[in-house]
Amino acid sequence: MGFLKILRKQRAREREMRILILGLDNAGKTTLMKKFLDEPTDTIEPTLGFDIKTVHFKDFQLNLWDVGGQKSLRSYWKNYFESTDALIWVVDSSDRERLLQCSEELKKLLGEERLAGASLLVLANKSDLPGAIDVNSIAQVLDLHSIKSHHWKIFSCCALSGDRLVQAMTWLCDDVGSRLFILD
């Protein structure tokens, strides 16, 4: 039995996923994570460094790594790539001025070898705000349709209400689960 097959069998038993949550500062990463965990969202501070939370969802154990998005912290993102099964890229859909910067940062991430094959969930957050950019336009600016190295999907959502968050996480778990936990 090959080493990879042994690792897959071990992970299949554990049904554990490592999910990295990234995006520019003020995109709503921490609020989304807290809402998903059913934690209070009334006092959110910018994440300086990272925060790890574990939750059971859809028969999986999800290890959620929420990493700060400030410009000064982005060079440290690479320290969190190892063993990542999925990347959640959070976009502030109301911030037109930084959408191009958001696209550039995502392209850098997708070129990282240690993220190769990781499922990509793009959450267009703050979709409830006036003037928010629709998901098709965001997908176009992020050039998502050209991505061949990762399974991906984009959802509009609202971190404060939790709108479409469960649906998005269900897609992510189904996608990662179909890659990692099917044994031959």
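Using N, Cα and C of the backbone, Cβ positions are placed for all residues, glycine too.
Positions annotated as N-myristoyl glycine by Swiss-Prot, on the basis of sequence analysis: GLY2.
The GTP binding site annotation in Swiss-Prot covers 23-30, 66-70, 125-128, and the record cites similarity to another entry as its basis. Of all Cβ atoms in the protein chains displayed, 21 besides its own lie within 10 Å of the Cβ of VAL67 (GTP binding site).
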Quiz item: Counting every protein chain present, what is the number of Cβ atoms, excluding its own, within 10 Å of the Cβ of GLY23 (GTP binding site)?
Solution: 24
Practice problem: Look at each of the binding-site residues, ASN26, GLN70, SER127, and point out the one with the fewest other Cβ atoms around it within 10 Å. | Solution: GLN70
Quiz item: How would DSSP class LYS29 (GTP binding site) in three states?
Solution: helix
